[in-house]
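In TrEMBL this protein carries:
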type     : residues : note
DOMAIN   : 20-175   : domain 'Cytochrome c assembly protein'
TRANSMEM : 21-41    : transmembrane segment
TRANSMEM : 53-80    : transmembrane segment
TRANSMEM : 92-111   : transmembrane segment
TRANSMEM : 117-137  : transmembrane segment
TRANSMEM : 149-171  : transmembrane segment
TRANSMEM : 191-212  : transmembrane segment
Amino acid sequence: MYFEILRPYLIMLCFFRYARILIGFCWFLAAMAIYLSIWVAPSDFQQGENYRIIYIHVPAAWMSLLIYIAMAISSVLFLLTKHPLFQLFSKSGAKIGALFTLCTLLTGGFWGKPMWGTFWVWDARLTSVLILFFIYLGALRFQQFSADVASIFICIGLINIPIIKFSVNWWNTLHQPSSISQFDTSIHISMLIPILLILTSFFFLSGIFFILETRQIILSFSSFSIKSQINPQNNKKKQGFFYTNNQSSKST
């Protein structure tokens, strides 16, 4: 199956047009969020100034889950269509998601130290997020060997997402329940707005990382294609990312 919109030259054209816009939005939202979270949002009456780490911790945690869901959808589409760009989406998403998950674990540890007296406990929420981090690393490792195996692995790992979400409700955990839900929030609007702004800036930051990663791979493949036309013998030795996947896409 072939998708006209996913042709590499169209992807590169969109990246050239919208990359600077994404960077500008990211800087603007980040500046607003930093100002509101430090100078406008009040201190918490229980945690004091230490609570302000949630402005990084919570959006990073949300991004780690959202990116994995998007990566799983891309993996399903790759299994159905064998289009190499869907594997590229999964590969880039795994790198970005692992980064946000690591940020979640680190900021959670610094937040938990004054509250729990330790940087780490084998809590259900913390352990399930740590498993998510290892799933991201496993997906990156599998993608070096087989795109199909990596896609199946990512789809199986999707089971961990509802475990992370509902772990504080299913088990007796130290981690507090969610303060923000789809229907209500228990935090003040002056604290909620910076969280949403940073979440949006993280979203644009993920788009920037994805653009840079995708652009690099497409350009490297284009360079390899030119070299293979000059020296066809290298074409048989090179086992590049797009080369191996284009063979499977052509077979469909």
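Glycine residues also receive a Cβ, built from the backbone N, Cα and C atoms like all the rest.
Away from its own ends, the transmembrane segment (191-212) comes close to residues 15, 18-19, 22-23, 25-26, 29-30, 32-33, 36-37, 40-42, 54-56, 58-60, 62-63, 67, 89, 92-93, 95-96, 99-100, 180, 185 of its chain (Cβ-Cβ under 8 Å, at least six residues beyond either end). For the domain 'Cytochrome c assembly protein' (20-175), the model gives a mean pLDDT of 86.
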